[in-house]
Amino acid sequence: MFCELRPYYCRKSSHEFQNFFMIEDLSKYQVPKTFQSFVVPPEKTGEVIKLLRKCDKLANYPGFRNVREDPNGRRILLAEGVKDISEIPDEVKNIVGSIELSPFDTFLDYHNYTLQDLMKLFLPEGCVIPSSFETIGHIARLNLLPEQQDYKKLIGQAILLKNPVIKTVVSKIGTINNVYRSMELDVLAGDPNFETEVKQSGFHFKLDFSKVYWNSRLEGEHDALVSTFNENAIVADAMCGIGPFAVRAAKKKNCKVYANDLNPDSYKWLQVNAELNHVADKIICSNLDAREFIVKIFENGGCDYIIMNLPKIAVEFLDAVAEGAQKYKETARMPICIFHTFDGKDEDHEASILARAVKALGMPLARLNVHKVRDVSPGKDMFRCSFDVRDLFNDE
């Protein structure tokens with residue numbers, strides 16, 4: 001799941017911020033507040049509340065009681081902007097009669113703020129409120145800007161306190177550069193427990209988020225790609241991760257899936273997820289280098305679809321497709337080859353990606369289907385590309 005928050009900027013005085021930043025346990029922090037208030041007879045409380053709420057004159061915080069007990073009736077707390085009796089609607093005055101405003105002192109805590117407003121309390125002026133985070137089971141993952149790093153523990157606590165299902169809050173350290181696509185994580189709040197379970201489109205996936213790659217933003221692409229497969233097809237998933245494509249193809253399209261990943265932990269969780277989703281009899285799991293796997297697929301008779309879902313470098317593995325297809329073109333079924341890749345926003349995507357594909361294949365390719373999957377960053381998009389391997393031999 002991917003949770004969006006409306007981004008805005010924090011406005012906080014230096015003195016107030018320093019007092020807040022010294023708080024280590026956000027759950028115990030209280031904000032003193034003073035509201036103007038007045039007393040009404042108990043039997044008229046409901047009618048008065050309705051009128052005040054209608055004109056936004058009522059104190060309004062999540063989980064905040066704006067009606068309090070009073071020896072003379074019920075004390076109604078007004079919105080912070082209300083300072084004078086002239087701001088009380090005439091309809092209320094007609095119901096209550098004589099109104100006397102008096103200050104009421106109380107405290108607000110984290111229960112009384114939205115997540116955005118809670119973070120707004122402690123982030124300094126000019127610091128952007130974190131705009132989104134990804135949920136992976138009980139884990140929340142966010143990307144922090146450099147100016148947010150000094151306040152990361154409070155940000156983590158805020159997410160934890162306002163989301164009861166979240167038990168662990170992490171941020172990614174650096175970029176994903178290792179061969180297994182796992183990310184180094186910084187625990188901002190909660191338990192350092194990275195084994196979790198994700199539910200997507202009716203499927204269940206277990207994983208250790210610290211050891212395998214997972215991106216909740218790709219749920220739509222997992223569904224969309226598998227929807228293009230024919231029933232009962234043979235699928236080779238060369239960079240399958242923990243099995244989001246493989247499990248769907250086996251379950252939804254009754255495909256026989258050869259699923260492979262170089263990461264031993266991905267291979268482990270792939271097997272777990274095949275069992276978990278009752279498709280272990282349809283998925284043949286392997287833990288090989290993708291090039292070796294692809295050539296073996298052709299050697300063993302080919303398939304209907306080859307998937308390479310590693311956008312950063314998948315196009316570079318097209319040489320294995322060309323090698324396998326050329327070596328076994330007389331005996332193997334020639335598949336549709338599908339790979340994901342990144343490209344700059346300002347590029348002519350079809351021409352740019354085709355040129356890279358031809359270079360990697362080492363063979364001419366006249367046509368490549370290119371479909372945009374999502375925006376990745378201000379300068380980069382992700383694409384799904386496909387071609388019929390038989391097209392490599394059109395000139396023969």
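Count begins at 1; order follows the chain as displayed.
Here the Cβ of each residue, glycine as well, is placed from N, Cα and C on the backbone.
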(message) Just to be sure I read the record right: ASP261, LEU262, ASP289, ALA290, ASN309 are listed as binding S-adenosyl-L-methionine in TrEMBL. Which of HIS222, HIS349 is listed for the same site?
(response) HIS222
(request) Within the domain 'SAM-dependent methyltransferase TRM5/TYW2-type' (133-391) only, compute the mean pLDDT. (result) 94
(request) Would you mind ranking the binding-site residues ASP261, ASP289 by how many other Cβ atoms sit within 10 Å of each Cβ and giving me the lowest? (result) ASP289
